[in-house]
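> Annotations for this protein, taken from Swiss-Prot, read as follows:
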REGION    1-35  region 'Disordered'
MOD_RES   A2  N-acetylalanine
COMPBIAS  9-18  compositional bias 'Gly residues'
COMPBIAS  24-35  compositional bias 'Basic and acidic residues'
REGION    27-260  region 'DNA-binding'
REGION    100-124  region 'Disordered'
COMPBIAS  289-303  compositional bias 'Basic and acidic residues'
REGION    289-328  region 'Disordered'
COMPBIAS  304-317  compositional bias 'Gly residues'
COMPBIAS  318-328  compositional bias 'Acidic residues'
Amino acid sequence: MADGDSGSERGGSSGGPSGFSQHMSREQETQELASKRLDIQNKRFYLDVKQNAKGRFIKIAEVGAGGSKSRLTLSMAVAAEFRDYLGDFIEHYAQLGPSSPEQIAQASGEDGAGGPGGPRRALKSEFLVRENRKYYLDLKENQRGRFLRIRQTINRGPGFSGGTGGGPGLQSGQTIALPAQGLIEFRDALAKLIDDYGGEDDEGMGLGSGASGGGAGGGGMYGELPEGTSITVDSKRFFFDVGSNKYGVFLRVSEVKPSYRNSITVPLKAWGKFGGAFCRYSEEMKEIQERQRDKMYDRRGPGERGGSLGPGAGGGGDDSETEDVDDD
């Protein structure tokens, strides 16, 4: 995808020559690092990793059968949260049984409208807030099947004339609909791009308008958050990332191996308990290891211990050592 296509949601329709020149300048400064195409049912999805002076970010575009396009823009930090949320939706979708005809009819045409435009029953919903951006995730169904609807809205602020409707400073939202059968493929492709191009230096969003993801200064309504970090043990790497959503502040701990990735999310109110549990187990394991070393030492014969345990053993050496100390 060309930068001109994937960057069009960043206020390209701003009025006046100066707005156009600023838009073109931003486009020229943006580099595309990687692109992945997914064909799911009759739709095409593009995942593009881009970079500008503010950092790296991911653009997601849906191209329908008629060529219509919808785009979302995610910081690397928000993309990581999306990846984990997708895992939750995948698990929920796998537990759902088949829909009955009555449920499908109710989901698609409660008001008699029928067809794809009618109301749709939400099976699971989540949302994220990142300063001037909001992301809504809804697992829904209609007569064509189940799908994940992802909607992004951007508040440009009172001083921005976006020219896209919705009131002063408010840009109309962008929405993509991902067929449920493609959730795993989409999640895996996103995870691969994050693994290959994400990093500690990409916590900020390269999106302009003061938006930022997790990490210091990116806590949205919660203000500044601690920086993420990582540790490497053998072939594993553990990432610690602090974020926030509608439920509050949380710590996401991700375990990453070359062919495996898993994560847990710990709410802020449980950090102290988790820390206390880790410290307690660390101390207990130290005591267990010391007892095991003592038992192994006791099993050894006098010769294996160095021959200097008994009261008379090595006495000459002890006297010599004492004399040296006295001489000093």
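For all residues, glycine too, the Cβ spot is worked out from N, Cα and C.
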> Give me the DSSP three-state residue breakdown of the compositional bias 'Basic and acidic residues' (289-303), ordered helix, strand, coil.
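Helix/strand/coil tally for the compositional bias 'Basic and acidic residues' (289-303): 11 helix, 0 strand, 4 coil.
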> State the mean pLDDT for the region 'DNA-binding' (27-260).
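A mean pLDDT of 76 is what the model gives the region 'DNA-binding' (27-260).
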